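Peer 1: Would you mind keeping the following structure in view while I ask a few things?
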Amino acid sequence: MADAPGLIPIFLLGYLLSTECAVFLDRENATKILTRPKRYNSGKLEEFVQGNLERECIEERCSFEEAREVFENTEKTTEFWKQYVDGDQCESNPCLNGGICKDDINSYECWCQAGFEGRNCELDATCSIKNGRCKQFCKNSPDNKIICSCTEGYQLAEDQKSCEPAVPFPCGRVSVAYNSKKITRAETVFSNTDYGNSTELILDDITNSTILDNLTENSEPINDFTRVVGGENAKPGQIPWQVILNGEIEAFCGGAIINEKWIVTAAHCLKPGDKIEVVAGEHNIDEKEDTEQRRNVIRTIPHHQYNATINKYSHDIALLELDKPLILNSYVTPICVANKEYTNIFLKFGSGYVSGWGKVFNKGRQASILQYLRVPLVDRATCLRSTKFSIYNNMFCAGYREGGKDSCEGDSGGPHVTEVEGTSFLTGIISWGEECAMKGKYGIYTKVSRYVNWIKEKTKLT
């Protein structure tokens, strides 16, 4: 037993030698375990890593052609290259309103959701802002895309926003060229007003005005408006939709051309049994200018709610049918009539112009040359405070508080027009007022938006 301790080291050495295959690996396998793999990329580039991409482009700087050899696909190579060259431009999420960012070299592109546009999808592209950049009418499609359209006689231009003439003499356009300085009128453009929500614009149109319209005034307003006071001489062909109505004795009212066969005017201008002659293309009523066209009226249609015995100026609008169609040219051109919504929108632009051959000052002489005048829209509260007479929902006020400029006697029935992006639309009919151009008083006009459906229905050309 004394020799037993010497056997223990021998036993342990034999055990270790017998387990060598489990402890020691060959060189190749040991290298695989001991070598730390390189984490050459942990970002978006990993999705592009294939084959020898690390050797070609990570450990060394590679060219586009070398990267192309790795991917063997131009599209994938391009996507990789955009990030490889200058980093990910989309990392800061520059696209707004749900836009999708696509990286590019030193740049990026936003793919915008429907209803938005701009470099970062920051612009509302619906009709509610600047009319969707449409030059006339705008509508939002079910998928919230803008659809621009034009009034009759126009077609969409190549940009799908502008409207260009589709006929020789489209409505609302002046085609006479002037050598003198440009004539300034009340031209307006679309602003950032919320046109998409027209509730406020037409609220007074849907107010129940039946009770008001059935009230009899204690006294009539002082004047039919048959004048433009403080205006300027129009050039020949500058207001080609303007007409003058002649009775058996003298000129007495104005009107506007709707189309070749129909004129719109004020209902209070009409007297039962009167023979009316319409003169279109007129400029100077004291001279023959060879631009005039004369037509007889064969039918008068006052609005069905007009009743002069109840109120001479409520629903003050009428249509005149001509015996022969007018020949349209640069001096005889219709005024444009939009739908109800846009007629209201155009009126709310706040600046229109009126025209006629009425008196050039209160109780003064009648104008020989056609006059025109810009008149600002007056808010309803101010309008109501300015007079003791009723201002119904089918009327509006326009003019200057300081006086001196207004429509006046002889201008009744003439057009109140708003010029939009170079095309003029009918927004009112000259109706009545107290004196002419008196301080604190305004001209009162028939609100055409209330009657556009009636106008279009009655004046269809067959």
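The backbone N, Cα and C atoms fix where each Cβ goes, glycine too.
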Peer 1: Quick one: which of Cys112, Cys134, Cys138 does Swiss-Prot link to Cys127 by a disulfide?
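Peer 2: Of the candidates Cys112, Cys134, Cys138, the one Swiss-Prot pairs with Cys127 is Cys138.
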Peer 1: If Swiss-Prot marks one of Asn29, Asn307 as N-linked glycosylation site, which residue does it mark?
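Peer 2: The candidate carrying the N-linked glycosylation site note in Swiss-Prot is Asn307.
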Peer 1: In Swiss-Prot, Cys110 is listed as disulfide-bonded to which of the following: Cys90, Cys95?
Peer 2: Cys95
Peer 1: Do you know offhand how many angstrom separate Glu75 (4-carboxyglutamate) and Glu69 (Ca(2+) 3 binding site) by C-alpha?
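Peer 2: On Cα coordinates alone, these residues lie 12 Å apart.
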Peer 1: Could you work out which of the recorded positions (Glu69, Glu75, Glu287, Glu289, Asp316) has its C-beta surrounded by the smallest number of other C-beta atoms within 10 A?
Peer 2: Glu75
Peer 1: I'd like the Cβ neighbour count for Asn307 (N-linked glycosylation site), meaning other Cβ atoms within 10 Å of its Cβ, all protein chains included.
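Peer 2: Result for Asn307 (N-linked glycosylation site): 16 other Cβ atoms within 10 Å.
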Peer 1: Which one is it: of the recorded positions Ser92, Asn284, Glu289, Ser412, whose Cα lies the shortest distance from the Cα of Glu66 (Ca(2+) 2 binding site)?
Peer 2: Ser92
Peer 1: Compute the C-alpha separation of Glu69 (Ca(2+) 3 binding site) from Asp316 (active site, charge relay system), stating it in Å without decimals.
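Peer 2: So the Cα of Asp316 (active site, charge relay system) lies 81 Å away from that of Glu69 (Ca(2+) 3 binding site).
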Peer 1: What is the interatomic distance between the Cα atoms of Glu79 (4-carboxyglutamate) and Glu289 (Ca(2+) 8 binding site), given in whole Å?
Peer 2: 72
